[in-house]
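I have placed the structure first, in the form of structure tokens, so that the comments after it can refer back to it.
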Amino acid sequence: MPGLGRRAQWLCWWWGLLCSCCGPPPLRPPLPAAAAAAAGGQLLGDGGSPGRTEQPPPSPQSSSGFLYRRLKTQEKREMQKEILSVLGLPHRPRPLHGLQQPQPPALRQQEEQQQQQQLPRGEPPPGRLKSAPLFMLDLYNALSADNDEDGASEGERQQSWPHEAASSSQRRQPPPGAAHPLNRKSLLAPGSGSGGASPLTSAQDSAFLNDADMVMSFVNLVEYDKEFSPRQRHHKEFKFNLSQIPEGEVVTAAEFRIYKDCVMGSFKNQTFLISIYQVLQEHQHRDSDLFLLDTRVVWASEEGWLEFDITATSNLWVVTPQHNMGLQLSVVTRDGVHVHPRAAGLVGRDGPYDKQPFMVAFFKVSEVHVRTTRSASSRRRQQSRNRSTQSQDVARVSSASDYNSSELKTACRKHELYVSFQDLGWQDWIIAPKGYAANYCDGECSFPLNAHMNATNHAIVQTLVHLMNPEYVPKPCCAPTKLNAISVLYFDDNSNVILKKYRNMVVRACGCH
């Protein structure tokens, strides 16, 4: 008789509860699955510590193995403000050209064909990225690969952007006739075809990336060609806005990047000298004053991304924005003849969207970022409203937690906690990741402190003193002992792409402190 056995089990539990004065009560029999679901779950957690309950969620949902409840509008707004403060952003970016939700392949291909005739030249279809975001995505994937090599678990690895694959070599192939995805930055060897090395093959770029706290790409702001004098009629102008750099960031390296196609026809055997100049001063009736920044000598048959060092002028533009008058590019053949950049295979703003010229700068913070202190009055009001409804639940919990039973408490350990940028409604400006496993520490630091608790010597001494004077000395606290950084790739208000490292964002290990 299964019903009689279940009834006897509950009677034994109640008898133990009545006799609790003689010792701790036995564990309550497990609830059925339906009853457990009705009891509710923890927000974005893995169940936490036994004996600790949460307020039943109004509408629990499950995503990626996490049980959570739908946030109210005010709660969501408060959480957005707090996370933006952690990210060092004064407000939510609203880029002009943000991201759109991915669509099924058949529908996406149909819409792309319909919109291809309406898009301005050089503009990508919805859901696709230009050359600068693609390059930044390669940098992000390189950082994510480094994090994986450091031993991060599967639950802690950041999720790549769904619109593009995890790496350049795995990115889906474009339709015939379309531009190839960005998969290299250096010039390819003559006759090497469309294959090539990864954008991070050079040791210099790897050093820049490892040393930087933030990487930022800038789009070319020039929309129309400027008329130059006959001597400079083939010059091309580029301008970038560096006025929105966060305070405390110093430029460690900066590059101007422009794509070169293979040259055929009358210039197929030619060698070109490509020069990049800083515009020092503009004049109405004569040529502008120029300062040579960098040069490259290339063959007509070479193809790939050209890089020019503009670190010096970038630092000047950040410190004194009024001196930012842009760059000029010139192309000269080995015979000393000035030619149009298009004749040398250089792709301008009218070229394919994934071959647009852009600028990238590496930054390192010169001072520690301090979060802005904001008023918590709204949270206090919300807490005061909930305090009366939670007081009875807290009383019931405390009555059970008063028992010093090892079965009712768990040792200090790491628990799962996932932060979803998509659930916060930020999928239009955060390129990657969709979210990350932040995790948290919780549990008891009771005597004896085992080796797996990662206790400090001070925590061991504090535990011993707590045993002698529990009213005056508290137990050690369960806190993170190892924290990892994450990288976030996002658009700013000017549609520039920023790759930023945020330290101490992921809990890797916990211990008693």
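Glycine is no exception: its Cβ is also placed from the backbone N, Cα and C atoms.
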According to Swiss-Prot, the disulfide-paired cysteine of C512 among C445, C477, C510:
C445
Look at the disulfide annotations in Swiss-Prot and name the partner of C441 from this list: C412, C477, C510.
C510
In Swiss-Prot, C412 is listed as disulfide-bonded to which of the following: C477, C478?
C478
How many whole Å apart are the CA atoms of C412 (disulfide bond) and C510 (disulfide bond)?
7
Round to the nearest Å and give the CA-to-CA distance linking C445 (disulfide bond) with N269 (N-linked glycosylation site).
75
Taking only C-alpha atoms and a 10 A limit, tell me which of N241, N269, N454 are near C510 (disulfide bond). These are the glycosylation sites.
N454
Name the one residue among N241, C441, N454, C478, C512 whose Cα is closest in three-dimensional space to that of N269 (N-linked glycosylation site); these are the recorded positions.
N241
Ranked by the number of other Cβ atoms within 10 Å of their own Cβ, which of the glycosylation sites N241, N269, N454 ranks first?
N454
